[in-house]
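Before any comments, here is the structure.
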Amino acid sequence: MGPHTQLLILLLLSWLGPLQGQQHHLVEYMERRLAALEERLAQCQDQSSRHAAELRDFKNKMLPLLEVAEKEREALRTEADTISGRVDRLEREVDYLETQNPALPCVEVDEKVTGGPGTKGKGRRNEKYDMITDCGYTISQVRSMKILKRFGGPAGLWTKDPLGPAEKIYVLDGTQNDTAFVFPRLRDFTLAMAARKASRVRVPFPWVGTGQLVYGGFLYYARRPPGGPGGGGELQNTLQLIKFHLANRTVVDSSVFPAEGLIPPYGLTADTYIDLAADEEGLWAVYATREDDRHLCLAKLDPQTLDTEQQWDTPCPRENAEAAFVICGTLYVVYNTRPASRARIQCSFDASGTLTPERAALPYFPRRYGAHASLRYNPRERQLYAWDDGYQIVYKLEMRKKEEEV
């Protein structure tokens, strides 16, 4: 071994001494850190075990309480359903008792035409009607037609309130239903998903036919009382008029219509027994009875009390009639055929006697689908709102003075 090699070995040995000392200190440091981590991990495990035990204890305490709360909730729900059923039953019983024993009306009524049990006064019959407004117009022609859309079934009603907001639309689908659709404006009704824009108003008793009317914030409609048409009993072939407050959603008045032996007034619309109408003069009812099963009858109603003020036997036949409406105290009856063809006003009756049959126009309706299930006149717009085999249609009317010649 040469002197250079010995020198190199001595240098390497001098370097290895400090490196071994540093490695020893590093190992001791790592061992201390690992011991600290193990201690903290043990503490975390102890805390987790303690928290898990506390959660189990809390769960064991809460489960019985939740079971008790669920049982109490079910008991309250059952009790609420029972109370609701009792309230509904009481309301029906009170409503029936009111129709059977109404308060005496504060009007003078001819004893010969006094209503029977549950009815209000029948009023004067076949006397000339005294107009309360200066309305003196009659139809000259049905000028135009606009089909809005198709909504609902073949029979129904859509209308506006002639005394309410000018834009609001009311839709009553079907002949035996209890839910009306209310649209804020006509544009909402014409949308593809119109039902989503509508609010729903549910009435306490289903209506009969398509003779409903919205007037002055109220929904007027006919319902079958116990023993009404098709139900047997002493009220066979009678109907009850309901006055329903649309905002409060309550029945504010009701009365059995003072006519016995009611039959459908329109030969082509068998589901409607009383067809309510509104014009410049107020509230009217079109109906028919077995006493004269060939012609229509007209009644003037008090919208506040549902009293029948006057009644008339009209010369308008029931056969092939499909709908009717009133303008300025004059009844206009629309006739058609089966299968449906082009409808036409073929009979009119002026309760005031101003418009004679010779001066009355008998216009045709524009060509359209199916047959009219309902027609509603809006005196503010001078338009007809028609339900035609599921289509909602607006007819614009051209007017003239009653005294003018055709």
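Every residue, even glycine, has its Cβ placed from backbone N, Cα and C.
For the coiled coil (22-101), the model gives a mean pLDDT of 79. The coiled coil annotation in Swiss-Prot covers 22-101 and is backed by sequence analysis.
Long-range C-beta contacts of C135 (disulfide bond), restricted to its own chain and to partners at least six residues apart, with a cutoff below 8 Å, comprise D279, E280, E281, C328, G329. In the three-state DSSP classification, C135 (disulfide bond) falls within coil. Taken from Swiss-Prot, the feature disulfide bond applies to C135-C328.
Residues or ranges marked as domain 'Olfactomedin-like' in Swiss-Prot (evidence: sequence analysis): 134-401.
According to Swiss-Prot, the feature N-linked glycosylation site maps to N248, an assignment based on sequence analysis. In the three-state DSSP scheme, N248 (N-linked glycosylation site) falls into the coil class. Counting only residues at least six positions away in the same chain, no Cβ atom sits under 8 Å from the Cβ of N248 (N-linked glycosylation site).
Residues or ranges marked as signal peptide by Swiss-Prot: 1-21.
In the three-state DSSP assignment, the secondary structure recorded for C328 (disulfide bond) is coil.
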